[in-house]
Amino acid sequence: MLNKLKIGTLLLLTLTACSPNSVHSVTSNPQPASAPVQQSATQATFQQTLANLEQQYQARIGVYVWDTETGHSLSYRADERFAYASTFKALLAGAVLQSLPEKDLNRTISYSQKDLVSYSPETQKYVGKGMTIAQLCEAAVRFSDNSATNLLLKELGGVEQYQRILRQLGDNVTHTNRLEPDLNQAKPNDIRDTSTPKQMAMNLNAYLLGNTLTESQKTILWNWLDNNATGNPLIRAATPTSWKVYDKSGAGKYGVRNDIAVVRIPNRKPIVMAIMSTQFTEEAKFNNKLVEDAAKQVFHTLQLN
């Protein structure tokens, strides 16, 4: 299994530096610049630790981190594809805020029992009554409600239109193809509903820290992510209580377990990060501790814990 991954040649660690405001995407969102890999004992230790985690959990792990305080980025399989699962719901909420007038957030969307799919803890409460677009966004982000997600995609014009919005954001990597819950099938070598850790982190950065949304829109998205009810055992579990983690988790078949986040630390600029993982059998159960351990190693490498 893992021997097929050719760990020694595939696991890449890059640590780059730039001015956070010196490089811009098509939407003028600051991003880290590319730089040659710098060999160091720290990088070698990080690489070996992540390789050990992959062996320990029998999984493939991808990590991308941008420290906006220093401009440094840290990556490990950051350009490999993973099923994004429910992490995209944070970006979907950003796309809704970007695409619709703010007054539309209070517009009620009606739906019936036939519109419900598996795992819809909030939308099932309001069948026949409907929910506002803001309520649907909060249900999708905070509770990972699948029916809310599908209703929002429909409101935007479907998965094709959502992908066009990502392309306008500067994302030429992510493939959006299916609705919930089918997008969580996560079959190996299937590029449908996949992205890379780097792209997921940069999209989250664009919506929360970039210029894509207005300040009032960003405040709304921050609040939805701050109240996320599904992320406690993931990146948040690797942080002290004084830090704030604004995240969206995801899970799927083949043991997929992901978390994307902006981490706010007192007296410094935030960290943008994505941790994605997958296993090798369809029935594999995801492991929260894998994500927590990967996050701990990130913070240790950045000398933050």
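Heads up, the Cβ atoms here are built off N, Cα and C, so glycines get one too.
Database features, via Swiss-Prot:
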SIGNAL    1-33  signal peptide
ACT_SITE  S86  active site, acyl-ester intermediate
BINDING   K248, S249, G250  substrate binding site
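Annotated substrate site K248, S249, G250; additional same-chain residues within 8 Å of its Cβ mean position, judged by their own Cβ, are A85, S86, T87, K89, A90, S144, N228, T230, G231, L234, D247, A251, N258, D259, I260. With respect to their backbone Cα atoms, S86 (active site, acyl-ester intermediate) and G250 (substrate binding site) stand 4 Å from each other. Secondary structure from DSSP puts S86 (active site, acyl-ester intermediate) in a helix. There are 28 other CB atoms within 10 A of the CB of S249 (substrate binding site), with all protein chains counted. If you draw a 10 Å sphere around the CB of G250 (substrate binding site), it holds 27 other CB atoms from the protein chains shown.
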